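Student: Dropping the structure in here first, questions after.
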Amino acid sequence: MLPAIIFRQVQRPLHHGAATLEHVLGVGGSSFVNCLNRYAAATGFIRISFLDIKRRRNYELARLRLYADEKKQSLHLRTLQGRHLLQGVIERKNFLVDDIREARHKVQERVREKIDEIREERENIMTIPNMLTISRAVLSPYIGYVIVQGDFTLGMSLLAFAGITDLLDGQIARRWPSQASKFGSFLDPMADKLLMGSLVISLCYTDLLPMWLMGIVVFRDVFLLGAGFVIRYISLPPPKTFSRYFDATHVTAQLEPTLLSKINTGVQLATIGLSLGAPIWNYLDHPALQGLWYLTGLTTAATALSYVMNRHNTFKIIQKKT
């Protein structure tokens, strides 16, 4: 502290106080004064350097405070922005969750409605007429086999049984509506065609029926069978899967038999029965039997043509309930 005190006391060169110092200290000369001046200048420079350091330190502290305040303000703004962003994300998340929940609820409702529609479209196929029709269809190949083996008497008996089942299934379905089914409307003519095809092929094989008549009957039945598969595909609503296509309980179309088709069925059964009985009762190649062959060919071709001309009335697509 001594240099600073001396410096405060000596603020300017000591030329004017040389005599006093010489008198007090007992020294004299200009060299002593010069030494004092140099000492005062050095101590003043040191004091100025100390003041500069303090001033710079205060400046740096102020600058750091300002920088810290700016950073604090920036962090505060970012915190506010982050809170707003987080709030927006939470609101968006809640909106998406509600939207997904609502969409899932709608899908579940739609699935329930679709299941109810499919259940309504299904029908009971385990009816007595359908069982009789199925038994006739299963028996048809065996009747053909018996005829090919030459057992015409057994073949006649089985044919009579098949004819009785054909009459019974129709009577039961008309008398008791609960036993009627749209599936049966397709199954019955298909079983008749299977029976007729088995019989005409086996009778033609044993030379009891002409080849041309067999060709007409088989061609007509194959044509109608193919048309039935096409109509089934057209009338089946999406999705058109293999399992739904062959699902017998899911009926999409109905076959309306015509008067001509019923007459043709009777004529065909009479022709088959009489041709099968010819070797039993010995009237092979009888003119009346040959005339019946031509009549059967005519009615068979006429029914095929009528199905084509009146296909919109014969095959009815079942409209879905709205």
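Cβ coordinates come from backbone N, Cα and C, glycine included.
Checked Swiss-Prot, it gives:
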| type | residues | note |
| --- | --- | --- |
| TRANSMEM | 143-163 | transmembrane segment |
| TRANSMEM | 199-219 | transmembrane segment |
| TRANSMEM | 289-309 | transmembrane segment |
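Surface or core, plus neighbours and distances: that's what I need for these features.
Tutor: Remote same-chain partners of the transmembrane segment (143-163), defined as residues 6 or more beyond its termini with a Cβ less than 8 Å from a stretch Cβ, comprise 136, 195, 198-199, 201-203, 205-206, 269, 272-273, 276-277, 279-280.
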Student: Using a Cβ cut-off under 8 Å, which residues of the same chain at least 6 positions beyond either end of the transmembrane segment (199-219) come close to it?
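Tutor: Sequence-distant neighbours of the transmembrane segment (199-219): 140, 143-145, 147-148, 150, 159, 268, 271-272, 275-276, 278-279, 284, 293, 296-297, 300-301, 304.
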